[in-house]
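If you check Swiss-Prot, you get these features:
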- Cys155-Cys169: disulfide bond (DISULFID)
- Cys219-Cys220: disulfide bond (DISULFID)
- Asn140: N-linked glycosylation site (CARBOHYD)
- Asn168: N-linked glycosylation site (CARBOHYD)
- Asn214: N-linked glycosylation site (CARBOHYD)
- 1-27: signal peptide (SIGNAL)
- 28-239: topological domain 'Extracellular' (TOPO_DOM)
- 323-414: topological domain 'Cytoplasmic' (TOPO_DOM)
- 436-452: topological domain 'Extracellular' (TOPO_DOM)
- 240-260: transmembrane segment (TRANSMEM)
- 269-289: transmembrane segment (TRANSMEM)
- 302-322: transmembrane segment (TRANSMEM)
- 415-435: transmembrane segment (TRANSMEM)
Amino acid sequence: MVQLLAGRWRPTGARRGTRGGLPELSSAAKHEDSLFRDLFEDYERWVRPVEHLSDKIKIKFGLAISQLVDVDEKNQLMTTNVWLKQEWIDVKLRWNPDDYGGIKIIRVPSDSLWIPDIVLFDNADGRFEGASTKTVVRYNGTVTWTQPANYKSSCTIDVTFFPFDLQNCSMKFGSWTYDGSQVDIILEDQDVDRTDFFDNGEWEIMSAMGSKGNRTDSCCWYPYITYSFVIKRLPLFYTLFLIIPCIGLSFLTVVVFYLPSNEGEKISLCTSVLVSLTVFLLVIEEIIPSSSKVIPLIGEYLVFTMIFVTLSIMVTVFAINIHHRSSSTHNAMAPWVRKIFLHKLPKLLCMRSHADRYFTQREEAESGAGPKSRNTLEAALDCIRYITRHVVKENDVREVVEDWKFIAQVLDRMFLWTFLLVSIIGTLGLFVPVIYKWANIIVPVHIGNTIK
């Protein structure tokens, strides 16, 4: 009974016949195992696989990008996930498929055979090579290796038109030790493959093209492939949360001159705007690289607005000083000041004319033939004249104060239109070049890529 149960529960492979307790290999596995032993028994992965020493290996090189991970403006780095496509002929990996059960393709780990030492020259994190994956080897010796890699490459960031900027970042690939007489690189496809590209939320790739070049020294020449990525920043985020608030603060400065001069909040409003602009400038400093070669567009606009606000504080202080002038604190108003600010400028600024309310004293010219006696009526007239002179003097003082206040209003209105005009011209002068560049460079490239 025990023998019957033992025979019933015997493993299937054991019934068919085993080799050391393991199932025997199938015919295909035997052929592939034999093929690997024959190919790699005397294979040396450090030796360049050529028939003659003077022969050179031609590497077909292509690039596919799967993701533009990040563009670090501060450290001037571009992080990408790419696939390196390489294909070459290994004369030591050839076989006749008929001798090995019709096997035409095998997969071999890249660390088991000779591979070209093609690296990214402008790498910024010290990782010059990609991941180690399997290669596809065909019976005629063709080796295809698609190598995934995550690169941080150096990229010179031009922030002149930030955040409406267009960057050109390049990736330069070449052999680390072999010259062109030993390993030559052939550009397989000029365009970077973007079939499996995952869109980035901040950057858009306008074009990605490759080109071949050669570097020559005293003895040898070294081929390399350079891929240029033209990328455009998507400016919606920075426009909504950076540019529009800055423009709003700039025009808010103009509103200061619409407040009455006797309001103390004018200086407070100007100071608050200046502090807000300083905060925006600190935010910009954290984003853009520290460089003295170029000043970003938004930085120029912030500096322009800060100077604008500083001048507005100065002229506001001057207007408040004019508003509180009187005959007891300052000398009499100069005739040219009266003519310009009380008669000329109000008409040009569409303000209500300031009537001349100065009292014109009538000349009292009474001539007498001889001294008259002072009677009661004359004494009363003297009292009336005294009161009249006192009233006229107070009226003159009050009218002088009103004239200075009106001049302060004229200055506020003049500065209102002047600063509004300067703000509009400055804003258009800084952003029109960006609009021109956008219309003449970025839009045609985008349309061309869409048609393609």
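Any Cβ shown, glycine's included, is placed from N, Cα and C.
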Original post:
When the Cα of Asn168 (N-linked glycosylation site) is compared with the Cα of each of the disulfide-bonded residues Cys155, Cys219, Cys220, which one is closest?
Top reply: Cys155
Original post:
What parts of the chain pack near the transmembrane segment (415-435), using Cβ distances under 8 Å and only residues at least 6 beyond its ends?
Top reply: 161, 164, 247, 250-251, 253-254, 257-258, 297, 300-301, 304, 308, 311-312, 315, 319, 349
**OP:** Tally every other Cβ atom lying within 10 Å of the Cβ atom of Cys220 (disulfide bond).
**Re:** 12
Original post:
Within 10 Å of the Cβ of Asn214 (N-linked glycosylation site), how many other Cβ atoms can be counted across all chains shown?
Top reply: 12
Original post:
Between Cys219 (disulfide bond) and Asn140 (N-linked glycosylation site), what is the CA-CA distance rounded to a whole number of Å?
Top reply: 34
**OP:** Out of Asn140, Cys155, Cys169, Asn214, point to the one nearest Cys220 (disulfide bond) in space (Cα versus Cα); all of them are recorded positions in the record.
**Re:** Asn214
**OP:** Do me a favour and check the Cα-Cα span between Asn214 (N-linked glycosylation site) and Cys169 (disulfide bond); whole Å is fine.
**Re:** 19
Original post:
Between Cys169 (disulfide bond) and Asn140 (N-linked glycosylation site), what is the CA-CA distance rounded to a whole number of Å?
Top reply: 38
**OP:** Please report how many Å separate the Cα atom of Cys155 (disulfide bond) from that of Asn140 (N-linked glycosylation site), as a whole number.
**Re:** 41
Original post:
Ranked by the number of other Cβ atoms within 10 Å of their own Cβ, which of the disulfide-bonded residues Cys155, Cys219 ranks first?
Top reply: Cys155
**OP:** Would you count the other C-beta atoms found within 10 angstroms of the C-beta of Asn140 (N-linked glycosylation site) for me?
**Re:** 13
